[in-house]
C-alpha cells in the first residue's frame, strides 16, 4: 500500500492536495518552530511538570470533596465509590498552551452532587488549602466558573453533574447520551471538553496540527484579533480553522498548513459555514438538545451570523456568534495580510518573525473613542454592544475595538482616580465615510451607559452599593499621549494595509457555492435571504462602483478614501442634558461624557485603490475555486 493510500481522509469533502512535504517545507517548518520557541510559545520542561503536579493535586481534591459530600448525603455507604474526575480542555488539552497560560479544567461529579455544593463546600475546601490564592467564584456567569491560582498556576474550574451514580477514573465524555437529563449549565460546561476531544479526532496528523495552531494563536494575539468576548475569534474558532486546513491538506507540513489556512479563508465565501463534520439536526434520541444545534433552516437568528464556524461536538454550535460587521472586516483584512507575509516567507524575502510581530493598534486610525471604566472585567464583554451600535451610524465605516485593555497614564486626568485599581481603559478606532461633516454619537453612547449601569446593579459581586462608572470621550491620535503611557503608544510595528484587500462584503454573497454530494446536507444561508451584512458603509458601496471626473476631465474609477481630519472638535448637545466633557485639541477637561458630537472641519483625503482581484501566486490560482465548495 502506498503512502498516499494510508492518508486519513477526514471532513465533509475530499482533500485539495495529498502532497507530502518537500525539503523546502521541512526547512520552513524548522524555522517556524525555532521562531515560536523564541516567542515563548513553548513552555520549559520544569513548568510542564509543575502543571501536571498541580492537576494531580486538584484531581485528588475533587475526589476527596465528592467523598465528603457523599458521606453526608448518602450515609448508608452506598456511594463509597462515587468517584469524581477533573478533566482539562482548551489550549492545554490540545497541547498548544504557552508559558504562563492558564489551564481550563472541568470537575465532573455524579448525580447526587449539585452546583450549590460546588460553590459552597468545594470553594471552602479550596479556601483552606494553603496553595490556593486569588480564589474568585463567578456563579452567575453564562458558564459558571471558579478562578484561582494553585501554587502560582492560574486555573479556571467549571462544574458538570452527570446523571450517573458513579464517575470512575475511566469515565469518558464523548458519548452523546451523557447529555440527557442534564441542566443547561452542565451541557455548556461539558462542551469544552467534548469539542477538544473531537478536534483531535478530526485532524489527520496531530503533531503538525498542534505546531500550526501554536503559530496561528500567536499571530492572532499579536494582531489583536484573538478575543471571543470582544467580537473577534476565540481560541476554539482558530483551532477549527486550522483543523479544516489539515483536512484539506492532510499531509502538509506545519509551515504549509499556516500558509494554506490564510489562503483558504482569504477566499472563503462567508457566511458559508466552516464545518469539520456533518451536521445532524434530525436526531430524535437527545430530546430538546436538538434545538441547540446551529441550523439556519430552522432558526432565524442563525441566518444572521456573519462568519459561522461550527464546533464539531454535539450539539454543534456557532463559535463566532459575537462577530460584528467591523470585526469581520478587520479579521478578513488581517488574514489577507497574513497570506502576503507567508508568500514572502516562502520566497525568502523575510522570516517568520515578520508574521508574528505585534501590530500597534494606534497606528490604524486617526480617530478614537476612549472608555474609562471601573469593573473592567464586567464591562469587557459588553463593549462589542457599543461597537454594534456605532456600526449602525451611517457615517461610520468601521468601529474597531482594541481587545487589549490599558491602564491610564499617571498624569491622566479622569473623574475617577487612577489609583483605583479597578479602572481600565479601552479604545475604539473609528473610520468615517467620505465627506463626513459631522458625527452625532449622543444616542449611541447614552444608551450604552444606561444599559450597562442597569445590568451592573443586578450582578453579584458588584451589587447596588457599588458604582459602575463609565467615562467616554473622543480623542485624536496625536492626543493619546495624555491618556496612556508612551510604551503602549509605540509598542509593535505600524499597521499596513494588504496589497490585495479582502473581497468587498457586498460581492461575497454573489459567489456561487457548489455543493458536493458529501456536503448536500450542510445548511447555509437560504438563497432567498439576503446575506446578513451589508457593506460596512452602505453609503460608500455605491461610490466604489461609480466614476468621477477630475480636473482634467478624464473619467477614472472612484477610489476608496480614508479620512484624516486636521481639525476636529467635540461639542455636546444641549437638549436638556447636563453639561458634559468637551475635548478639544488643546486640552482634556474633567467631566463624564454622556453625549458626543464630533465636528470634522478640514479633511485631507488619503486615497487608496480598492482592488477586488485575487492576486495570488500562480500555484494557488489553480485551487482558488476549491475552498468555495468545501
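Heads up, the Cβ atoms here are built off N, Cα and C, so glycines get one too.
All annotation found in TrEMBL is predicted automatically rather than curated by experts.
Taken from TrEMBL, the feature domain 'Poly(A) polymerase nucleotidyltransferase' applies to 11-203.
Annotated ATP binding site per TrEMBL: 89, 90, 91, 102, 103, 104, 156, 217, 226, in sequence order.
For 102, 104, the entry in TrEMBL reads Mg(2+) 1 binding site.
Per TrEMBL, the feature domain 'Poly(A) polymerase central' maps to 209-357.
If you look up TrEMBL, you'll see 360-406 marked as domain 'Poly(A) polymerase RNA-binding'.
Among the features that TrEMBL reports, region 'Disordered' is placed at 509-533 (among others).
For 514-533 (among others), the entry in TrEMBL reads compositional bias 'Low complexity'.
Annotation comment: TrEMBL describes 538-549 (among others) as compositional bias 'Low complexity'.
What TrEMBL lists as region 'Disordered' is 538-557 (among others).
Using a 10 Å Cβ-Cβ cutoff, residue 156 (ATP binding site) registers 18 neighbours. Of all the binding-site residues listed (89, 226), 226 has the fewest other CB atoms within 10 A of its CB. For the domain 'Poly(A) polymerase RNA-binding' (360-406), the model's average pLDDT works out to 83.
For the binding-site residues 102, 104, counting C-beta atoms within 10 A of each C-beta gives the highest total at 104. Proximity to residue 102 (Mg(2+) 1 binding site), defined by a C-alpha to C-alpha distance within 10 angstroms, is shown by the following binding-site residues from 89, 156, 226: 156.
According to DSSP, the domain 'Poly(A) polymerase RNA-binding' (360-406) comprises 17 helix, 14 strand, 16 coil. A separation of roughly 17 Å, to the nearest angstrom, links the Cα atoms of residue 104 (Mg(2+) 1 binding site) and residue 226 (ATP binding site). According to DSSP, the domain 'Poly(A) polymerase central' (209-357) comprises 78 helix, 6 strand, 65 coil. Around residue 103 (ATP binding site), the same-chain residues at least 6 positions away in sequence with a Cβ under 8 Å from its Cβ are 51, 54, 55, 88, 90, 92, 97, 153, 154, 155, 156.
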